[in-house]
């Protein structure tokens with residue numbers, strides 16, 4: 001038992017959809033804070049890992065601890081950012097209404113949202129540059145703007161650990177920049193962020209730690225030590241594209257070390 | 001005026017109350033793409049109605065309503081069980097459950113001899129709205145006279161109770177239901193169990209279906225669940241607006257349909273009355289076409305976007 005418990009610890013986690021195994025005996029201790037990427041090929045079980053940890057999909061076996069506690073005790077410290085495509089954006093709701101959902105745990109059941117909580121949600125929107133869109137219907141936003149609203153909702157939770165499912169999927173460059181700024185601020189504040197990430201070129205720039213996953217953990221640890229061509233080809237089984245390999249060469253301009261954001 | 005209160009008021013109220021309760025709950029089904037669930041439930045209650053009749057041997061309302069509600073809840077649970085265990089798409093699970101339970105109801109009617117004792121098919125399909133009368137009414141004062149109100153047909157009083165229950169449920173769980181309808185995974189991750197909430201919706205829909213079914217028949221139940229929500233969806237993009245407009249559409253549908261059933265035959269010189277439940281569905285369809293043609297999110301938006 002370490003003095004500072006891991007933000008997320010998985011012990012022998014296995015998940016199957018119907019008969020097909022998705023995750024097999026995954027054991028992993030995520031760092032206590034900082035930014036961690038979960039990287040792996042399509043169908044590697046990256047999203048499933050997050051969902052199984054949050055008990056959104058049933059697990060066959062294994063244990064999950066958040067900060068050394070069961071999910072039930074730690075729920076208030078966890079923020080989940082689902083994939084943007086997992087909801088119907090035609091739903092009649094405003095940007096502020098969606099962001100306010102991040103304050104529901106503070107409000108509790110049955111009660112309407114107090115004005116102060118709504119203002120906290122508005123502040124979270126401001127943090128991702130969406131304050132001017134508060135009254136807008138969510139269906140009228142671009143994909144990147146929708147992703148920012150989801151991020152604002154997660155920020156409104158004020159969690160210590162964020163589990164993010166592809167936060168950069170299908171967003172414009174400005175949004176990608178805005179999201180990474182927010183992630184870095186969370187990291188500086190001592191929060192933990194675990195994000196499913198599919199872009200090998202940007203992974204070493206954005207994240208400090210990495211978990212290479214393909215149904216089981218291939219390797220995990222600090223980015224420089226783990227994010228090697230050997231480990232990646234073990235993870236992807238030789239399915240890396242030329243472009244991705246180029247990005248991984250030590251001389252590549254894409255492999256600059258993580259720079260502190262002013 | 002007294003004649004109106006005696007002959008039409010109870011039926012008109014039942015129609016409006018049924019449309020309101022179903023129409024408001026229909027929003028939650030429409031927004032989670034489960035509109036067919038109403039159809040499934042209104043068919044699935046049949047074996048429960050028959051069992052209530054068989055067990056007690058009378059056509060007393062209470063046991064049959066209890067049986068129907070039990071059947072509706074069983075159907076709703078079966079549907080969600082099949083969806084999760086067999087990982088079937090919702091429509092398929094509903095199709096299996098409601099056709100199976102409806103068939104079971106028909107078999108029960110045949111083998112129990114209930115058919116002989118006027119559990120007749122017309123009543124199940126169209127309801128018995130025209131039979132709802134309020135002979136105790138003597139004038140407007142009867143509307144706030146407890147003794148006279150107690151003499152209202154039980155169907156109307158039950159529907160008033162169901163509407164009150166629906167409004168209470170919606171008010172109490174307003175933000176929770178919106179959260180679970182929009183993003184069930186996020187809801188679960190912050191401890192607002194979406195499965196429990198959808199069960200609450202199912203039970204409310206079942207109760208509303210059974211109460212409305214009794215008064216206005218299974219055809220109107222499905223129209224009342226789907227049409228007001230669909231009309232509102234074409235007219236607004238706001239969550240509160242969705243419920244307010246669907247409520248207005250439900251009242252228009254209930255009152256308009258009932259009025260049309262009386263007025264249209266007179267205008268056309270027909271010598272037979274029109275079925276009120278059927279006319280309500282017609283009015284709802286007419287409103288839907290208007291909303292599509294002139295509403296900001298109907299035809300005109302598509303033209304604007306093209």
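Every residue, even glycine, has its Cβ placed from backbone N, Cα and C.
Segment annotation: TrEMBL labels transmembrane segment over residues B:61-81 (candidates B:61-81, B:124-144).
Per TrEMBL, the range carrying the annotation transmembrane segment out of B:35-60, B:243-268 is B:243-268. Same-chain residues lying 6 or more positions outside the transmembrane segment (B:243-268) and placing a CB less than 8 Å from one of its CB atoms are 8, 11-12, 15-20, 22-24, 26-27, 129, 170, 223-224, 227-229, 231-232, 235-236, 274-284, 287. Within its own chain, the transmembrane segment (B:12-31) is flanked in space by residues 37-38, 129, 132, 153, 155-156, 159-160, 162-163, 166-167, 170, 177, 181-182, 201, 204-205, 208-209, 211-212, 215-216, 220-221, 224-230, 232-233, 242-243, 246-247, 249-251, 253-255, 257-258, 276, 280, which lie at least six positions past its ends and keep a Cβ under 8 Å from the stretch. Counting Cβ pairs under 8 Å that are 6 or more residues apart, the transmembrane segment (B:158-174) and the transmembrane segment (B:88-109) reach fewer than 3 and are not in contact.
Contact between the transmembrane segment (B:61-81) and the transmembrane segment (B:274-295) is not supported, since fewer than 3 Cβ pairs fall under 8 Å when only residues 6 or more apart in sequence are counted. When the stretches B:88-109, B:186-205, B:211-231 are ranked by Cβ pairs under 8 Å to the transmembrane segment (B:274-295), first place goes to B:211-231.
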